[in-house]
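So that you can see what the record holds, here are the features copied from Swiss-Prot:
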BINDING   Asp92, Asp94, Asp96  Mg(2+) binding site
BINDING   Cys93, Cys109, Cys116  Zn(2+) binding site
Amino acid sequence: MIEQNETARPGDGLDWSAVLDTLPFNSDGLLPAIAQQHDSNEVLMLAWMNRQALEETLQTGRVCYYSRSRGTLWRKGESSGQVQHLHELRLDCDGDTLLLRVDQQGPACHTGRRSCFYNVLQGNRVVVSEPPQVDPQTLYGP
């Protein structure tokens with residue numbers, strides 16, 4: 001359905017509930033969700049959302065993901081205090097990836113770094129590009 005927007009003019013749109021019903025969640029009921037800082041365009045992290053996480057995020061304005069490792073909803077910042085507030089939701093041209101433009105409070109990464117993308121390929125080495133902003137033990141406790 002989202003493909004209908006490929007030839008649409010700016011300002012044209014589709015009904016959200018109809019689009020939501022046609023999103024191509026994978027066999028586990030998930031879509032990839034990229035979090036990006038809304039005012040700097042910094043890419044913060046990649047996580048997954050099921051329909052319930054997506055609906056909760058839109059309802060509350062606080063980003064909620066689905067944790068594949070725990071098999072449950074994961075409300076970003078619930079234990080660390082490093083919450084993400086949704087500024088804008090975008091869908092890619094196929095509707096199979098979400099872009100969450102957020103206001104990130106503190107580090108986004110569980111390592112205490114601002115972004116999960118701190119490993120940079122330089123030649124034949126993967127180099128750490130930034131130090132943690134916060135000690136992970138401070139974020140999550142012992």
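Quick reminder: no glycine exception, Cβ is built from N, Cα and C everywhere.
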| request: Select one residue from Cys93, Cys109, Cys116: among these binding-site residues, choose the one with the most other Cβ atoms within 10 Å of its Cβ. | output: Cys109
| query | Hey, what's the Cβ neighbour count for Asp94 (Mg(2+) binding site) at 10 Å? | reply | 10
| query | 10 Å Cβ neighbour count around Asp92 (Mg(2+) binding site)? | reply | 12
| message | Give me the long-range Cβ neighbours of Asp96 (Mg(2+) binding site): same chain, 6+ apart, Cβ under 8 Å, in sequence order. | response | Leu23, Pro24, Leu31, Pro32
| task | Enumerate the residues of the same chain, Asp92, Asp94, Asp96 excluded, that satisfy the criterion Cβ within 8 A of the mean position of the Cβ atoms of the recorded Mg(2+) site; list them in sequence order. | result | Ile2, Pro24, Leu91, Cys93, Gly95, Thr97
| remark: Cα of Cys116 (Zn(2+) binding site) to Cα of Asp92 (Mg(2+) binding site), in Å and rounded, measures 21
| query | In angstrom units, rounded to an integer, how far apart are the Cα atoms of Cys109 (Zn(2+) binding site) and Asp92 (Mg(2+) binding site)? | reply | 24
